[in-house]
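> Okay, these came from TrEMBL:
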type	residues	note
SIGNAL	1-15	signal peptide
DOMAIN	46-158	domain 'Ig-like'
DOMAIN	165-260	domain 'Link'
DISULFID	211-232	disulfide bond
DOMAIN	266-355	domain 'Link'
DISULFID	310-331	disulfide bond
C-alpha cells in the first residue's frame, strides 16, 4: 500500500506541469520508439470534418467515375502534417467493409479488384476524392471516405449507383432450377450480375412486376409485385417487394434477378431470307466483327438505346427474344418490354449481335 501511494504521488508530481486546455481532454499514449518515454498529444480544440456527396453519384459499366470527398478543420488550422486517407466499400447492412485503398501523401495502395483501377484525386489541399476507372457492375454500392490525422478519425459515406436494368432470368431447364451459386453464374453468362435489393426496388418503382421468386446478391429470395393477385401473395397485400428472406444457398432453388448496366457498344439485328439456326446465327455475328448478344445486352439496348425490333432473334443462351419500345399490333402485349419465345430446339430466326465501340 505504501509503495502504491508513493507511485501515485510521483505520477501526480511528474504530470503537474502539463497544461489543461479549457476543459478539453488530452490523450496520453506511449510512443513507438520503445525507449519507455511517453508521448503526449494535446487536443487543440479544432474539429476534423469529412464531407462527401449527399446525393448518389451515377455511372455505368466501363466508365470512369469520381467519388467526391473533402475534409477541413473547424476552426481552420492551416497546414497540418500528412494525413492518412482510407476508402472502403460497405455492405448494404454496414456490417462488413471491403478495403479499396489507403493513401498517405502521394503514396497509395489499392486492394483486390481495385488494383490498377483506383487512385486518390487531390487537386486541392483538403481533397481526398476516389477515382475509379473502368467501372465494374459489382462496384455499385456505398463507399466510406475516412480521414485519419493522428488520433483524430472522421468519415462520411457516398453512394455509387450504376445506371442499369434488372431482368428476371430462367434457364432453359425451366422455373426454379437454380441454387444461389448457379444463379450467380447464369447472370454472369448473360453479361450481368445478381441484382441487389436497391436495384430490384428501383426496378419495381419503374414498373417491374414479376410473380416468380428469384435470388438476389445477398442470398435472399424476393420478387416485385405492382398488381396484387392471388398467386402472388394474395389480393389483400399491398404492392411491393415480396420476400422469402435468406434461403439455403446450395439446397434451395429459384430463378434469378440479374442486373446489367448501360452498354459500351451497340446491339444490331441480322437476318437471312430463310432465317438461321443458332450455330449459323453465331457465325453471322462473327462474320460481322461482333459476337452474338447476351440477354443482358438486349435488355440494356432496349432500355438505354431505345432498341425496338419486332423480329425475333437468337441470343447467346439459346433463347429467342425481341425488344419492343413502342407496342403495336402483332408485336406482343400492349406494354413495352423484351418478349421471349423461350428456348426453341428447332426453328430459324434472325440474330441480335453485340459489338463494343
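Positions of Cβ are set from backbone N, Cα and C atoms, glycine also.
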> If I take the alpha carbons of residue 232 (disulfide bond) and residue 310 (disulfide bond), what is the distance between them in whole Å?
30
> Between the disulfide-bonded residues 211, 232, 310, whose Cβ has more other Cβ atoms within 10 Å than any of the rest?
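Output for this query is 232.
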> In whole Å, how far is residue 331 (disulfide bond) from residue 211 (disulfide bond) when you measure between their Cα atoms?
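Spelling it out, the Cα of residue 211 (disulfide bond) and the Cα of residue 331 (disulfide bond) are 23 Å apart.
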> Excluding near sequence neighbours, so keeping only residues 6 or more apart in the same chain, what lies with its CB under 8 A of residue 331 (disulfide bond)?
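Set apart from residue 331 (disulfide bond) by at least 6 residues yet with Cβ under 8 Å, we have 310, 322, 324, 339.
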